[in-house]
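Feature annotation from TrEMBL assigns signal peptide to 1-28. Sequence annotations record features per position, and here TrEMBL assigns transmembrane segment to 90-116, 412-433, 439-459, 528-549, 555-575. Taken from TrEMBL, the feature domain 'Glycosyltransferase 2-like' covers 238-433.
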Amino acid sequence: MEAAEIGGALLFALAAAAALFAAVSTGAVDFSHPPAVGGRVDFQEAISWFIGVFDGSSSSSSAAGGVSLAEVYELWVRVRGRVIAPALQVAVWACMVMSVMLVVEALYNCVVSLGVKAVGWRPEWRFKWEPLAGDDEEKGGAHYPMVLVQIPMYNELEVYKLSIGAACELQWPKDRIIVQVLDDSTDPFIKNLVELECESWAVKGLNIKYATRSSRKGFKAGALKKGMECDYAKQCEYVAIFDADFQPEPDFLLRTVPFFVHNPEVALVQARWSFVNDTASLLTRVQKMFFDYHFKVEQEAGSATFSFFSFNGTAGVWRTAAIKEAGGWKDRTTVEDMDLAVRATLKGWKFVYVGDIRVKSELPSTYKAYCRQQFRWSCGGAHLFRKVAKDILTAKDVSLIKKFHMLYSFFLVRRVMAPTVACILYNIILPISVMIPELFLPVWGIAYIPTVLLVVTAIRHPKNLHILPFWILFESVMTMHRMRAALSGLFELSEFNEWVVTKKTGNNFEDNEVPLLQKTRKRLRDRVNFREIVFSAFLFFCASYNLVFPGKTSYYFNLYLQGLAFVCLGLNFTGTCSCCQ
């Protein structure tokens with residue numbers, strides 16, 4: 001067990017203690033509230049009453065000649081107070097528990113991230129890094145290890161030239177690098193263009209290989225696995241992976257490979273993503289906040305404490321020996337990158353995240369593309385949790401603290417609880433509560449915890465404070481998709497193993513203009529997202545009910561805003577007008 005792991009565990013305990021102390025000292029936590037109120041319901045009487053309503057034989061109906069609205073309302077109040085409210089109250093307290101777990105995890109990551117920034121911590125403090133000694137890379141030298149650069153792609157007409165060109169311009173001895181283009185394209189025209197591009201670079205003296213498969217079995221994982229089986233690939237000590245829209249800087253390998261050469265226990269060096277279209281629309285601005293938090297907080301905290309985090313699938317370099325020892329690429333989930341990272345960690349390998357190294361890439365430019373991407377990631381993460389939980393528990397090369405971090409923090413809280421509690425509590429229970437006055441929602445759970453999470457997110461994004469209101473509403477909508485994805489992956493429901501490639505535009509966005517995709521005639525179901533529209537109707541109904549019948553709580557302002565967000569995204573409005581530039 002390393003000092004960094006012990007430090008990470010202590011910081012987590014301190015974050016949990018601080019959250020508990022704050023809740024108790026402010027009197028926010030109060031579990032003494034009764035779960036429900038109302039008189040006792042005789043279910044046999046209620047059933048008899050309903051039968052009487054339909055056949056006209058109930059005592060009330062006989063006396064009054066029909067069912068009065070007062071009787072209907074009286075029964076609704078009794079059933080609501082003794083059946084519906086208690087069931088929802090159980091869900092509320094379950095959400096409160098998950099919310100506390102989530103805020104403790106967020107506080108822990110934020111404290112580590114801020115600490116790293118405050119002390120100026122760098123990966124070089126923990127892992128040795130020195131420039132490679134040897135001959136000039138342009139002339140070649142035996143001191144430079146063999147590196148394989150893999151570029152998997154699938155019908156990437158808009159971006160194939162960008163990634164291939166960037167990979168071929170990497171600074172490394174030409175006799176010590178192999179660029180491998182793994183083309184799974186099904187369009188013959190695009191396939192031909194990619195092959196011609198590879199041939200053009202080969203003529204310039206680059207060692208570039210063009211590889212195809214007869215089927216797309218295993219999707220990206222299958223392509224990477226097939227590429228590693230080539231004879232020339234077996235000669236390489238390290239493999240750098242870039243998706244088709246990623247453009248590494250020329251010195252990428254010179255800055256990453258030394259971590260491997262001087263630290264034999266390192267299996268992965270992950271770089272940070274940067275984006276060429278992050279100001280193209282309100283949609284891409286909000287996405288950038290999401291990814292910035294992931295890299296600045298989650299990846300940095302995992303690297304600084306436990307030397308473990310999820311491989312992002314691209315913009316990283318792997319030690320081929322670690323890939324082989326971990327069992328190679330597997331296609332059992334849609335997050336083959338996370339799968340490999342977990343299996344390598346269980347074998348005792350360590351990871352390094354270098355936030356100073358950034359690789360340009362492209363954010364999904366449409367709402368549907370982003371939803372598909374998030375569904376694949378959320379579903380795959382929950383599905384992987386189901387697959388590897390037992391392996392983590394029984395692993396012999398991992399400390400107990402690290403096992404706890406992987407099972408509890410990395411999987412349970414982030415991959416399962418985070419999307420579930422956010423959607424159930426704020427998109428379902430909170431709106432319904434305006435019609436169930438017996439339901440008790442503790443203020444610390446629906447106000448204080450979201451505020452803390454908002455501050456934790458905003459503290460590392462001071463330049464994006466003006467985007468926060470839009471980010472909150474956007475994430476409210478996305479929780480619906482992430483929860484559906486997480487449940488699909490956890491229970492292997494429909495679409496749990498579905499893979500849809502994210503559509504790219506290929507524009508460099510230097511002119512700050514939103515690219516116009518080719519217009520095609522679309523059906524109504526392709527132009528309107530019906531899930532969002534239906535959900536918006538539900539939220540508008542609850543908000544209107546709360547406005548007309550205020551009761552003890554007034555959430556209608558928030559509910560109207562949430563409903564508006566669902567409508568906008570339901571109609572695919574993503575803020576591409578000039579005022580959002």
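The backbone N, Cα and C atoms fix where each Cβ goes, and this holds for glycine too.
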Local confidence of the prediction over the domain 'Glycosyltransferase 2-like' (238-433), expressed as mean pLDDT: 95
For the transmembrane segment (412-433): best-contacting stretch of 90-116, 439-459, 528-549, 555-575, by Cβ pairs under 8 Å: 90-116
Maximum Cβ pairs under 8 Å to the transmembrane segment (439-459) - stretch from the list 90-116, 528-549, 555-575: 90-116
Outside the transmembrane segment (555-575), six or more residues from its ends: residues with CB under 8 Å to it: 281-283, 285, 366-368, 426-427, 430-431, 433-434, 470, 473-474, 476-477, 527-533, 535-537, 539-540, 542-544, 546-547
